[in-house]
Amino acid sequence: MTPLIFVTGGVVSSLGKGIAAASLAAILEARGLKVTMMKLDPYINVDPGTMSPFQHGEVYVTDDGAETDLDLGHYERFVRTRLSRKNSVTTGRIYENVIRKERRGDYLGATVQVIPHITDEIRRCIDEATEGYDVALVEIGGTVGDIESLPFLEAIRQVRTERGPEKALFMHLTLVPYIGAAGELKTKPTQHSVKELRSIGIQPDVLLCRSEQAVPDSERRKIAQFTNVSERAVISVPDVDVLYRIPSGLHAQGLDEIVVNQLKLADKAGPVDLSMWEDAVDATLHPLDEVTIAVVGKYVDHQDAYKSVGEALKHGGLRQRTKVNLKWLEAQDLEGTDMAALADVDGILVPGGFGDRGFEGKVLTSKFAREQQVPYFGICYGMQAAVVDYARNVVGLEGANSTENDRQSPNPVIGLITEWRTATGDVEKRDDKSDLGGTMRLGLQEQRLKPGTLARELYGKDVVAERHRHRYEFNNRYRTQLEDAGLVIAGKSMDDTLVEVVELPRDAHPWFLACQAHPEFLSTPRDGHPLFIGFIRAARERKAGGKLLSEARA
């Protein structure tokens, strides 16, 4: 059975459990271990798919079409394992599974209770997601003391009791606040957090102490004494200027060695090679160029809603030793303005979204980029905005719109996808009365690129696969009309029914590309993504006055 590392959090939320867990996973992977990760979320939603971006942040989509927590994005950016629906489990899904089993009669008339039925289902999901790996990290969402988290904590307590410390390790992330008036770090919140954890039967093996500054040895000794944790296993995790420093910082304190020794992984784990992360830090701290990218979205007040977009832009810069400054703009605020907010940027990206609020601002942004020759990258809703702009202002289709925003549009150039074929060959059908949750075109889908296009040049191959999350598409009734007016259909689904990529000819615009998929979900600091790398290079060329630049790899 796969050794497990359970990651819990205490004191307050948003301390960075996902980043800390992913950083440890990256170190273990760098030692040659086959690693996977999993998130257990205590909210009752079945998945985050219908949750507000202002509350929950980004919905991250996996290859198999699962709508998951944004922490899975951190996981996939830090480790090479491609995750799936199995790696994201919520209370809602657990209860849904248990109730379905009860209705089928699987429990043979027993009274269904949290213990053992809910906890058994949690354990089954953990086993299913982690089977076949050298080691797995399982993050429990929320903080210790939350009533919603109790079934998950009880389930992992049972796992540890059954498997023993050599097959299950508890790692607890906690806050050590710095009190400026007193000029010192306070360990009491950590002591109480561990006390709460121990009261439900869980004794941490490792403590990760989050703080503004490094926790001194004297405080680490004090924490160890009051929490019954070995001093060497009290790890300081201070704020860092570059995210990619964290794996090296944890390794320097011996965290991976503690894990490898306790879980008896020494025979599989080799010497660590963190050169990739060190190179990423060096490229971030010593850039050779700098650009400013405007991100024109609907949820910019909560930037976690575009977490993967922001990271992918930085990855695109990283591959060229270029610092990418992000200028977040609310699409709605641009409506009725002279677009002066976009005057000083080197490139414009319009990300995904839903609903009519701010859509006209996105259309105006596309128009500005097209007319002012500013590099433009549209993603999902950003592609639809570009198509609407082109239909209205180039082709002259009065009232052109998406039926998502105007069902009575005389020229619905964007419409609801009523039927499409999935990656497995199944035919999916939807209408405007279908449930919102889980009814979109989701997951990894292949597309064929048109020879001679910018998209084909950037990808370097004819067929590519990207992750999708949308229910509206380019209306094929207008395909010929828009192509005749100069819009290039650069990519289509393998059955030729769905438009995947549009662009402008390079003799008409230096870099204007929009795609229906979400390429940000496949970008990593290791490799970047061809579209984001190309977009940042185009922004650099605009800043350099149109001078063609070669890629300076990190």
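Even glycines carry a Cβ here, placed using N, Cα and C.
Note that this is a predicted model, so its numbers are computed, not measured.
Sequence-distant neighbours of CYS380 (active site, nucleophile) (same chain, 6+ apart, CB under 8 A from its CB) are PRO351, GLY352, GLY353, ARG469, HIS470, CYS515, GLN516, ALA517, HIS518. Summarising the annotation, Swiss-Prot assigns active site, nucleophile to CYS380 and lists sequence analysis as the type of evidence.
Look at Swiss-Prot and you will find HIS518 (among others) tagged as active site, backed by sequence analysis. Around HIS518 (active site), taking its Cβ as the centre, 23 other Cβ atoms fall within 10 Å, counting all chains. In this structure, HIS518 (active site) belongs to neither helix nor strand by DSSP; it is coil.
Under the heading active site, Swiss-Prot lists GLU520 (among others), citing sequence analysis as support. Contacts of GLU520 (active site) defined by a Cβ separation under 8 A and a same-chain sequence distance of 6+ are given as SER308, VAL309, GLU311, ALA312, PRO351, ILE379, HIS529, PHE532, in order along the sequence.
For LYS222 (UTP binding site), the number of other Cβ atoms no farther than 10 Å from its own Cβ, over all displayed protein chains, is 18. Annotation note: LYS222 (UTP binding site) sits in a helical segment as assigned by DSSP. Sequence annotations record features per position, and here Swiss-Prot assigns UTP binding site to SER13, LYS186, THR187, LYS188, PRO189, THR190, GLN191, LYS222 based on sequence analysis.
What Swiss-Prot lists as CTP binding site is SER13, ASP146, ILE147, GLU148, LYS186, THR187, LYS188, PRO189, THR190, GLN191, LYS222. Within 10 Å of the Cβ of LYS186 (UTP binding site) there are 15 other Cβ atoms, across all protein chains. In the three-state DSSP scheme, LYS186 (UTP binding site) is classed as coil.
Around LEU15 (ATP binding site), the same-chain residues at least 6 positions away in sequence with a Cβ under 8 Å from its Cβ are GLY9, LEU173, THR174, LEU175, ARG210. In this structure, LEU15 (ATP binding site) belongs to neither helix nor strand by DSSP; it is coil. Among the features that Swiss-Prot reports, ATP binding site is placed at SER14, LEU15, GLY16, LYS17, GLY18, ILE19, with the record citing sequence analysis.
According to Swiss-Prot, the Mg(2+) binding site annotation covers ASP71, GLU139, on the basis of sequence analysis. Taking all protein chains in view, 26 other C-beta atoms sit within 10 angstroms of the C-beta of GLU139 (Mg(2+) binding site).
The feature L-glutamine binding site is assigned by Swiss-Prot to GLY353, TYR381, GLY382, MET383, GLN384, GLU404, ARG471. Cβ-based neighbour count (10 Å, all protein chains) for GLN384 (L-glutamine binding site) stands at 30.
According to Swiss-Prot, the domain 'Glutamine amidotransferase type-1' annotation covers 292-545, on the basis of sequence analysis. Mean per-residue pLDDT, taken over the domain 'Glutamine amidotransferase type-1' (292-545), amounts to 92.
The region 'Amidoligase domain' annotation in Swiss-Prot covers 1-265.
Of all the binding-site residues listed here (LYS17, ILE19, TYR381), LYS17 has the Cα closest to the Cα of PRO189 (UTP binding site). With respect to LYS17 (ATP binding site), the closest of these binding-site residues in Cα terms is THR190, chosen from THR190, GLN191, GLY382, GLN384.
Nearest by CA distance to THR190 (UTP binding site), out of the binding-site residues SER14, ILE19, GLU139, is SER14. Using a 10 Å Cα-Cα cut-off around ILE19 (ATP binding site), the binding-site residues SER13, ASP71, ILE147, GLN191, TYR381, GLY382 reduce to ASP71. Ranking the binding-site residues SER13, ILE147, MET383, ARG471 by Cα distance from ASP71 (Mg(2+) binding site) puts SER13 first.
Other than GLY353, TYR381, GLY382, MET383, GLN384, GLU404, ARG471, the residues of this chain whose Cβ falls within 8 Å of the Cβ centroid of the L-glutamine site are, in sequence order, GLY352, PHE354, PHE359, CYS380, ALA385, SER402, ILE414, HIS470, TYR472. The secondary structure of ARG471 (L-glutamine binding site), as reduced to three states from DSSP, is coil rather than helix or strand.
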